[in-house]
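Copied from TrEMBL, the annotated features are:
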- 29-48: transmembrane segment (TRANSMEM)
- 60-85: transmembrane segment (TRANSMEM)
- 148-169: transmembrane segment (TRANSMEM)
- 181-205: transmembrane segment (TRANSMEM)
- 226-253: transmembrane segment (TRANSMEM)
- 259-280: transmembrane segment (TRANSMEM)
Amino acid sequence: MKAIVKKVINYTELITIPLTEFLALDNSIIKYMVMHWFGGILLIYTVLLPIFMNKLGINIITAGAIFSITALVDVILTFILSRFLDKISPNIGMSLDWLTESLPPLIYSLASTPFHFVLGSIAGRITNILNPVYKVYENEIFSKDKQSLIYTYHLITPEVFTLIFYSFIGYLLTYKFTSIFAFRVVFLICGIGFLFVALIPYKFLKWVELIEITKHKAAINFPRELYLVALAQILIFVGLNFASMLVTSYYILDKMQGTVMDVLVLKIVSSLVVIFTGLYSKNLGSKISEVRIAQ
């Protein structure tokens, strides 16, 4: 009996301790995370996109060509537009990011030809350029002494909502609303939803002023170790693209005769792994160096 009670207490602590730690965070940090909860669930359109293209009869070669073309455009846009990032407040940058994030799903909600998907994919690449503003904002509001704990909850809390929302949408698109029109409605809802999320950093988050770094104030040096990190990132990127969501989705749908839910289960399982891994490793920083954890 004592053993059973002890197990119940341990399982209860798995919920109460993380909840207590999360609620103890600064209010500005919690608001920042809530923004990512809403934005994260709306990113379901990126997972549904390959399924939608498959349903429209676009083969995997054409789909791959579309994303390859837009990847090249991404490099060009990044080179041209990234120089303007240090001229705006991170709050404005985040608002612009969510605004531009609304463009791809809105385009996909009307798409019917490969050209439409090229336009949507290019629009999606624009948002990638604005990603660094989040790191700038986090460096300002995340306290250094609790940074590891904050990043843990910043990583796992959106996955909880992803787990619930993806399961719900997967069920609807697999068993209730299986038409092309249903996908268009989901894309439209995501696009409109991003417009509301764009208001959060501008109206509700703690304001962070522009921090301009000039050549007179700071010099950027690249240590040799950074090149090894860059090489690791390249190898990870290559590996992910060999087993990308596009390839995996087409394989499940065409070769395994799978369903929308079958594809979304991968993301659901991934969210579960992130949640449990995050809860297990949130205190590792006090026992193992960050370098070892990264390795």
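Heads up, the Cβ atoms here are built off N, Cα and C, so glycines get one too.
With respect to Cβ pairs under 8 Å, the transmembrane segment (259-280) is most closely packed against 148-169, considering the stretches 29-48, 148-169, 181-205. Within the chain carrying the transmembrane segment (29-48), a Cβ under 8 angstroms from the stretch's Cβ atoms is held by residues 22-23, 94, 98, 101, 104-105, 108, 124, 137-138, 141-142, 150, 153-154, 157-159, 161-162, 165-166, 169, 173, 183, 186-187, 190-191, 193-194, 196-197, 200-201, 204-206, 245, 260, 263-264, 267, all 6 or more beyond its ends.
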